[in-house]
Structure formats: C-alpha cells, structure tokens
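Enquirer: Sharing a structure, written as structure tokens. Questions coming.
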Amino acid sequence: MNRIEPGWGFADTNAHENIDGQAADLLLPIALGSRFSKSWGEIRARSFEAKGSVQLSGTSLAIRTSVSRLLDSAIRNDLTLRFEDIYNVRVRKRLVRFDLVNGPGELEPVILRTQDHEDAVLLAASLPAQTTRTYATEQRVESLFLGQMKQRTPFVWVTWVIVAITSLVFIVMAANGAGVMRVNPVVAIAWGSNFGPYTQDGQWWRLLTAVFIHFGLVHIVFNMLALVQFGRLAERFYGSGRFIAIYLFAGIAASMMSLLMHPGFNCAGASGAIFGVIGAVLAYLLLHRQATPRGFYVKHFRLAAWFTVYALINGLTHPGVDNGAHVGGLLGGFLFGLVIAPPLEPASPRSVVARAMAIGAPAVLAGGFLVSLAAVLAMLDRLPERQESMQFSELILKASELDRRAVADLKTMPRDHSTPQARAALAERIRSTLLPEWRQLDTMFATARLTPDTPSARTRLKILTYYDDMSQELELTAMLAEQNLLSDPASKAALQRLIDEARRARVEATKTLRQRMQ
C-alpha cells in the first residue's frame, strides 16, 4: 500500500461519458493482479491467478473473479468500486493500473490484465480521468523532460546506422569465408581486429576497426540488441553528434584497455563501446538527477547498473570475455559523458569563444585520456613478459596455417589397409607427409623462449601435449601398418588409447587458444 498526500487536488474529476451523458456499460474478461512487489521503481503484480470479468455500470466498477483450488471449490471474490475512489488510471500493453482510495490520504494499487491492448485502452477510457496532485505533477515533469529530449534529438538515427554498418561488416566477412557461428580468427585479424602484436607494432587503426568486427553470430546479435536498448536512450540524452563522439571514443578507450590487460590477445567486438554508451547514460542521469522524473530515473539507472554488474560478473566467470575492454569503455564513456552532457534547457546563443571552449574542453579531456593510456602502454610494453606474450601470439598465428594444413592432410590419410600395398602406402604417407608436419609444429612451439609458469608457458604446454600425442599416434599407426598389426586386438586397443588422448589434448589446447585468439 502506498502513502499518498491527503490533500486532494485533481486535474479532472469526471468519468468519461458516452453520447447520452451516462457512463457506458462495459463487460470485459480480466485477470486481477496480486502479490504486489516494487521493481524498477514501479509496483508490479507477481500473480494473475484470479480470473473473471469487470463490468462498468453507471458510476461504479464491479470486479468479479475466482481462483481455482485443487480438490476444493473455487474461491470467489466480488468487488464494487465507486468511480469517485478511482484515480491515476494508466495503460501499459495489456495492463490497466489505477489507484484506489483506501482511507484518508491512502491509495491502494489495483492492476488488471485484459485479453489484449485494445481491451485495456477501452477499459481505461471508461474509467475516471481524475488524478492526485502528486501524480499530475509527476506526469507534467515527465512530459516536459521527454519533450526536451525530443526537441534535442527529433530523430534517433545514429544508433541504427551503427547497427547497419556493424551488421554489414559481419555479412561481408561471412560471405568471404570468415564463418558465421564462429569467425576464423585469422580472417578477423585480416579485417582489422585488435590483435595486440600488430596493433602495438604501429597498426593503431585497429583500435577503431575492431569495434565493428565480431567473432560469431551470437556475439554480434547480443551486442546489437544491447546497443539498440541503450544507444537510443543515450542518443536522446546527448544528441546525435555527441553520441557518435561517445561511441567512437569509448570504443577506442576499450581497445586500449584491452591491450593494457591482454597484450597478446586477439580482441574485437562492440561491447566495449556499448559499455561506454551505458557509462554515458549513467553519467547523464547522475548529472541531471534532480531534474529527471523519479520513475524515469529509477527505471533507467537501475537497468543500466544491473546490466553493467551482470555483464562484468559474467566476464569474470566465463573465460574468453574481454572484461578489460568493458571496464575501459565504461570509464571512458562515463567520464566523456560527464564533460559533454548538454544542459536540459536549450542553450542561448553563445559567443565564438564560448562555442570553442564547449568543443575544445571535451576534446582536450578525450585526448588526454587516450594519451595517458598510450603512455602507460608504452611503458608496460618494455616488460619481458608482455614482449613474450606478443611474440607467442605471433607464433600461434604463424603456426595456424600449418596446423590447418596438417589437419586437412590427416583427414585424407588412406583408410584401406587390407593389402600389403595399401599398408605400405599408408606408412609411406605418414612418414613422408604427416609426421613431418606435426613434428614441425611441435618444434616451433618447443623452441620458443618463454618464462616458466606464465600464461603463455601454460598455453604452450597444452599445445605441445596435443602435438606430441598426435606424433605418437601417427608413429604407432605407421609401425603397425608396416608390421601388419592394425587388425590385432591388442594393437588396436593401444592405438585407440593414443587417439583418445590426442582428442582430449586437442580439446584442451583449442579451448585455451580460443580464449586468446577467439
């Protein structure tokens, strides 16, 4: 039950009437809400198990419902409410909400669920339009606030343009063989993902291009849904021009923070820029908290904060999620948003100097923030462990082509070993082509200089285990073929054990590499 001020002042105290001047009779099927809770600053019903109908007749509203009980008769509930006790009627989708007088200065929420939106609108139009002072004031404030946002940004178009460009990049990449459900990381690097060794070797444009590249269909779909959710709101708050600046700045800041946290990783995606958009939304709401309607503020601030906390926790508990980019984008968007947030009231004409200051101050801050990150990166990149990480990632990229060729050759290995000639051909194929490929891969990683017990060293250990198991499997296969023991039960069992070990090692190595290269 909500406490409302006892002083009654109404915007409209009359019921909507039909052409004869009498309230129209109306009968509609409904469900009555119960078990109320407050969520996102709004009273919500957690149950609609009481089903029945409402009937409007004269100056009253009759609600007749029943609740079915297992092995028992249904519980009926009949309520008759006077129009003069009904205030603050509003509609949302199928729900009709109003406040009911329940004693001096007290209002009790009532929530009805109709069969469709048309019924909800019809029911609401038949109820009194009277409102309390508090509700009427809140409505006026919210209407003024939304009107100011609409005046600042009549059309939200930048968000949709970014979605279109990002989607087009993904489609073109997929059409050129990058993959759909999981994008080939080598192709992503070729298209401009934020591959640490290349970016820090002078290809700084990757800080921006990586924002428009994604590693799979699920990756891009979830990012674009989040962008539509928060981007439209941020664009309304800041205006289209400022929103573009926030998105691009946050994307670059996210990419730089990703390099700071993971110098040897291959990273891409719009999530860092989207976190920047969320940071800008939070900054705007905090900056204009007093002027923002309370319901609007609570709903959108909690949604942005909840999404941020959930996504960051998800990043901590799921390997392969670039939380460094998320944090960098969030901080960049929040700080940049604080500086460039426009005033609520339309600005009066300003002098040339004032306009220059309004543009120059955010530009100086943005440049200072990025230069600071770049300076930290330059200082940290001298550390041996970071140098090793980047060199090891370059080795992985270099070995990836040989690995794909070795796997492809393995799939074409002869399966027939029924004749001496077939067995000889199988052994020859293994010793002349397959074994040299896998041993070359093993040697490439075994000879890499890495500090023990670093992430790169642990990754190498899993890779070497896989390549060593594959070499043993191929060596045993060739030997059994030469000795005509491929059909021997004991030999087959020994070979199968090696095959199983190699498969498990491949799964572990692939899982580790995906966290690094995506």
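From the backbone N, Cα and C atoms, a Cβ is placed for every residue, glycine too.
TrEMBL: automatically predicted annotations, no manual curation.
So TrEMBL has the following annotated:
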type     : residues : note
DOMAIN   : 202-341  : domain 'Peptidase S54 rhomboid'
TRANSMEM : 155-175  : transmembrane segment
TRANSMEM : 204-231  : transmembrane segment
TRANSMEM : 243-262  : transmembrane segment
TRANSMEM : 268-287  : transmembrane segment
TRANSMEM : 325-344  : transmembrane segment
TRANSMEM : 356-380  : transmembrane segment
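Describe the structural context of each listed feature in the structure shown, including burial, neighbouring residues and relevant distances.
Expert: Tertiary proximity for the transmembrane segment (155-175) is limited to same-chain residues at least six positions away from its ends with a CB under 8 Å from its CB atoms, namely 183, 187-188, 191, 212-214, 217, 220, 223-224, 227-228, 231-232, 235-236, 240, 243-244, 247, 270.
If you look at the transmembrane segment (204-231), the same-chain residues 6 or more away from its ends with a CB under 8 A from one of its CBs are 158-159, 162-163, 165-167, 169-170, 173, 179-183, 185, 188, 191-195, 198, 243, 247-248, 251-252, 254-256, 267-274, 277-278, 281, 304, 307, 518.
Residues 158-159, 162, 194, 196, 199-200, 206-208, 210-211, 231, 234-235, 270-273, 275-277, 279-280, 322-333, 336-337, 340, 362, 366, 369-370, 373-374, 376-377, 380 of the same chain lie 6 or more positions beyond the ends of the transmembrane segment (243-262) yet place their CB under 8 Å from a CB of it.
With a threshold of 8 Å between CB atoms, the same-chain residues lying at least 6 positions outside the transmembrane segment (268-287) that come near it are 162, 166, 188, 193-194, 210-215, 219-220, 223-224, 226-227, 230-231, 233-234, 237-238, 243, 246-251, 253-255, 257-258, 297, 300-301, 304-305, 307-308, 311, 322, 325-338, 341, 518.
Same-chain residues lying 6 or more positions outside the transmembrane segment (325-344) and placing a CB less than 8 Å from one of its CB atoms are 145, 148, 152, 237-239, 242, 245-246, 249-258, 260, 267, 269, 271-284, 287-288, 291, 308, 311-312, 315, 361-362, 365-366, 369, 373.
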